[in-house]
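Structure first, commentary second.
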Amino acid sequence: MASNESILQGVNVLGPIQESHRKILTPHALAFLALLQRSFNPTRKALLERRKIRQAELDKGALPDFLPETKHIRDDVTWRAAPPAPGLVDRRVEITGPTDRKMVVNALNANVWTYMADFEDSSAPTWENMINGQVNLYDAVRRQVDFKQGQKEYKLRTDKTLPTLIVRPRGWHLEEKHVTVDGEPMSASLFDFGLYFFHNAAELVKRGFGPYFYLPKLESHLEARLWNDAFNLGQDYIRMPRGTIRGTVLIETIMAAFEMDEIIYELRDHSSGLNCGRWDYIFSVIKKFRQNSNFVLPDRSCVTMTVPFMDAYVKLLIQTCHKRGVHAMGGMAAQIPIKDDPVANEKAMDGVRADKLREVRAGHDGTWVAHPALASIATEVFNKHMPTPNQLFIRREDVSIGANDLLNMNVPGQITEEGIRKNLNIGLGYMEAWIRGVGCVPINYLMEDAATAEVSRSQLWQWVRHGVTTAEGKRVDKAYALKLLKEQTQELSAKSPKGNKFHLAAQYFSGQVTGEDYADFLTSLLYNEITSQGSPKPASKL
């Protein structure tokens with residue numbers, strides 16, 4: 001095996017390094033990152049090019065279908081994925097959130113079964129957020145994450161077993177520009193995975209768990225294969241048995257919905273199931289078919305989990321997972337308690353209850369909440385209707401979903417000026433916070449993240465592109481969209497503290513809502529606003 005010194009040639013850290021970071025950015029850890037990057041970055045870039053080719057086909061009117069070349073995998077009823085790993089048998093309520101220290105303590109103290117610590121859509125990837133998040137998780141794994149903020153102490157509870165920790169790294173499309181390998185930015189996915197795995201995998205196993213991950217934004221089984229290759233290399237490198245890692249894949253793109261069997265198959269030694277990433281899924285449908293007038297959707301509030309294309313996706317996901325012996329996880333309850341309005345709060349909580357009831361009756365094995373106060377509602381529903389640790393035995397053999405079902409855009413509802421303004425408010429509100437380094441933003445008593453902002457700007461783009469008419473009789477064109485954008489920007493800026501970033505957010509947003517330019521992801525579009533690259537520090541000198 002090559003020495004660390006030779007591997008570290010060409011590796012530079014451009015972000016500022018505080019004393020607390022040094023236990024994370026060790027020469028051994030950076031050598032592991034370099035190995036991952038050199039091994040897998042060429043394939044990653046090729047897969048991203050493949051996405052562009054597929055998009056060009058969709059832009060010309062092509063529609064996705066189940067792959068003929070992998071029919072044998074779908075038709076073979078004999079293969080199964082790995083059995084549930086320790087701490088992942090019962091996942092009935094999972095809490096999600098960013099990796100700041102306060103969130104980590106609060107999430108691990110919540111009455112839930114797992115905590116998804118998120119480097120992705122609920123985190124703005126500033127260098128400080130990403131590297132401090134690694135520090136916080138390192139300490140949390142070792143139960144040394146207690147801290148004091150002002151007069152308040154944050155301590156992990158000791159009265160019962162803490163939730164199982166699952167980490168969501170960033171998607172394949174993102175880069176970590178604060179670390180370069182051979183002159184290229186590091187893959188953000190490999191950076192997040194590599195640091196967490198290298199430092200914590202053995203400690204997690206020693207404590208009776210394992211290195212567990214949520215894998216976001218996949219668009220094909222080949223992207224799942226790349227994760228599986230990274231998992232195998234990582235386990236071999238630290239001499240850990242293959243199959244110790246587990247990965248739950250978020251099915252949050254329309255393209256991945258056609259390859260669910262294949263995605264589980266590629267990860268079968270490491271699979272812990274699939275999850276319904278509902279908001280990203282809606283975003284993906286709009287994004288992929290944005291040039292196709294048959295895919296124009298009404299106001300976001302009309303696109304519920306019971307409309308045909310969403311209902312089909314849920315049923316197929318549950319059927320596929322249970323056929324292969326892995327968990328089928330439900331989606332996010334993003335509501336926040338409305339403390340100053342009991343009537344409105346009760347209505348919101350009734351909505352959460354109904355959503356969780358739909359999920360457990362459909363056959364889901366667990367669900368997500370964004371706020372600890374919602375955990376008791378989700379737990380009550382799942383405990384009543386799922387007395388077993390999971391529902392893997394519910395095969396949903398009654399379900400028969402074809403390509404037309406997944407693409408059925410028969411969604412009742414209208415496009416309204418109120419819907420346009422709501423989209424503008426969510427998009428602006430989220431982007432403004434993101435530029436300030438905050439990736440999880442409460443707006444109108446909902447915890448919004450990048451996915452809901454993406455739905456908002458994609459709908460606006462689509463409505464202008466296809467010149468739709470609102471329920472009020474107004475044609476939605478570029479001038480109308482920019483007029484409303486200006487009004488909402490001024491209103492939000494006036495209500496916010498001085499020094500806010502709404503006008504900067506509007507500059508970016510204005511290019512994304514006129515039916516012309518369309519960035520692949522808002523996070524990629526805005527990333528340079530939050531980078532803090534300094535002079536390169538050779539990894540061998542750290």
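The backbone N, Cα and C atoms fix where each Cβ goes, glycine too.
Feature annotation from TrEMBL assigns active site, proton acceptor to ARG168. Summarising the annotation, TrEMBL assigns active site, proton donor to ASP449. Positions annotated as domain 'Malate synthase N-terminal' by TrEMBL: 10-72. As annotated by TrEMBL, domain 'Malate synthase TIM barrel' applies to 164-408. The feature domain 'Malate synthase C-terminal' is assigned by TrEMBL to 414-530.
Here ASP449 (active site, proton donor) is positioned 14 angstrom away from the residue listed as 'active site, proton acceptor', judged by their C-alpha atoms. Sorted by the number of other CB atoms within 10 A, the active-site residues ARG168, ASP449 start with ARG168, the lowest. Counting residue by residue with DSSP, the domain 'Malate synthase N-terminal' (10-72) contains 41 helix, 3 strand, 19 coil.
In terms of DSSP helix, strand and coil, the domain 'Malate synthase C-terminal' (414-530) has 71 helix, 8 strand, 38 coil. When averaged over the domain 'Malate synthase TIM barrel' (164-408), pLDDT in the model lands at 97.
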